[in-house]
């Protein structure tokens with residue numbers, strides 16, 4: 001943003017900060033500032049001295065000093081006007097493409113959504129913290145996404161992100177006098193206000209934690225009066241590999257109780273590519289990425305001529321997001337929905353407390369569906385890698401060959417002293433400066449934090465007497481694999497000029513021309529240069545229409561024509577300079593995802609718990625496109641068209657609101673134009689319908705008898 005555009009005028013036109021109205025005095029002030037900057041130049045007036053000069057004789061062809069000063073003033077004024085006009089045009093041009101974030105466009109959303117940098121922040125968030133309705137310009141906002149849109153009121157951090165007193169009750173805080181500056185409360189009236197700390201009844205009233213209670217079968221929802229349907233809370237975790245569940249109750253007691261007492265699958269298969277944005281939006285819509293349009297964490301649209309990526313503002317533009325997500329399905333059918341996205345600056349504890357406060361709203365304001373999102377363990381998984389590599393679910397080239405066992409001769413075996421067998425530590429896939437225990441701790445700690453957050457949610461629900469009412473889905477978006485910078489394939493080893501192409505690098509590769517009007521770009525030539533060039537090649541190139549159909553990754557203009565399916569644990573890049581490393585030469589990352597969605601390490605977690613889910617039930621693995629229909633069934637909604645099969649996960653639920661039926665045949669098949677041709681050759685066959693079945697049977701038996709007699713003669 002240009003620095004001169006800092007203060008919005010009342011009429012909506014952007015004016016320079018502290019410049020005041022656009023008057024002649026403002027221009028004169030600008031001219032005085034310009035004159036002060038020229039004082040150090042030769043001939044400029046020195047402060048404290050007279051500005052008058054002795055007249056000097058004029059030279060032929062030169063104007064008088066008075067004329068020169070007059071021309072200089074006119075030039076300064078012209079330059080000032082020109083500079084101001086250019087500045088205003090730039091600022092207006094910058095703001096013209098920023099528009100209100102809203103819903104319900106008839107023709108689709110406009111080109112660019114608002115960054116909201118000019119929203120009036122003079123309002124207050126008092127009584128408005130995490131409001132469910134987004135305030136539009138010129139009002140400032142206090143919802144959960146105002147940080148992302150840079151449109152929060154000036155006191156949002158002070159009032160809505162309070163951390164004073166901590167997030168838990170202690171014995172010393174029990175019965176405290178209410179202090180509005182605290183993050184949560186332990187006073188006697190906090191239950192009525194719905195703003196207690198989640199462990200209030202445990203510490204102050206002697207109740208037990210939810211995790212310490214035995215599993216109980218909830219055969220019907222036990223909801224307070226006023227709840228039309230059991231609420232649904234979707235607890236999504238980023239980068240939660242399915243094998244993390246093997247940590248069990250020692251690391252994740254709350255998650256383990258959800259799993260053992262509710263419905264779970266060994267794993268849930270994400271869609272390809274196994275990236276965050278494509279899979280989160282697939283969970284919300286039930287569509288494959290090629291159908292909903294979010295084909296990657298970064299992508300280019302040739303029609304929009306724009307690029308979408310995680311750290312850009314373009315991701316807030318509705319034109320990228322196709323399909324109908326769950327919150328829109330709910331809203332269109334009269335069901336209120338809470339937030340599905342949270343700004344990263346909002347602590348997890350504040351997110352949980354906000355959801356619990358929403359559950360205490362009046363009946364006509366209370367949402368029926370909520371979502372929580374955790375950036376962990378994905379962040380730690382990228383930084384430190386998962387705690388151990390796994391083998392993929394199928395063989396070469398995605399599964400590296402196992403090292404053959406060392407052959408030991410009997411003589412050497414006899415000479416070896418007999419010692420008690422020791423458990424041999426499995427060798428790490430790569431050697432790095434972290435010991436095995438340290439790496440495991442660095443991944444175990446984030447899992448403990450996630451489990452603690454789940455415990456806060458369940459304790460809070462129990463405190464509100466909603467733990468037998470609410471349905472909870474604990475779900476991940478993808479897994480995590482062990483990677484290293486040394487395992488990188490460079491296209492410069494295959495192509496002569498990689499500077500002419502643009503590559504979406506990493507665990508998969510998407511290739512397009514660097515310039516769309518490049519006449520020399522030929523996908524077939526690039527494919528030929530990338531196909532089967534090395535015996536140990538760690539990627540396989542495809543034209544997108546030839547990718548395995550199970551990936552459902554071709555029918556979208558944002559998917560480049562050439563796609564590289566990369567072997568697990570490997571990366572692809574254009575050239576060595578494109579790989580960023582620390583000054584010490586170490587990788588910035590130790591783990592990554594995005595590989596084929598059949599690889600074991602890419603599988604993620606699914607757990608369903610609540611009165612509508614079955615009790616202590618294990619179901620076979622399934623794809624995440626099926627969850628949208630399940631969530632609609634839990635809320636009593638009619639799903640929008642999607643790629644899932646409605647009813648395929650009925651075995652997860654106690655009662656099924658939808659029973660699939662076979663299509664009804666409304667008309668008899670008709671085959672017009674069929675001609676019955678007659679042959680000129682007599683093959684000894686007859687099609688006479690008048691022949692009695694008895695005669696046909698006798699003829700068949702006679703032929704079989706003759707054939708059997710003939711075969712018997714050869715024995």
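Just so it is clear, glycine is given a Cβ too, placed from its N, Cα and C backbone atoms.
Note that TrEMBL annotation is computational and uncurated.
Per TrEMBL, the features are as follows:
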type     : residues : note
REGION   : 1-72     : region 'Disordered'
COMPBIAS : 21-39    : compositional bias 'Polar residues'
TRANSMEM : 78-96    : transmembrane segment
DOMAIN   : 121-164  : domain 'SMB'
DOMAIN   : 165-209  : domain 'SMB'
REGION   : 384-431  : region 'Disordered'
COMPBIAS : 402-414  : compositional bias 'Basic residues'
COMPBIAS : 421-430  : compositional bias 'Basic residues'
So which residues does the domain 'SMB' (165-209) touch in its own chain, when a touch means Cβ under 8 Å and the partner is 6 or more beyond its ends?
-> 347, 349-350, 352-353, 356-357, 359-360, 455-457, 459-460, 462-464
So, by DSSP, how many helix, strand and coil residues make up the domain 'SMB' (165-209)?
-> 9 helix, 3 strand, 33 coil
List the helix, strand and coil residue totals of the domain 'SMB' (121-164) as derived from DSSP.
-> 5 helix, 3 strand, 36 coil
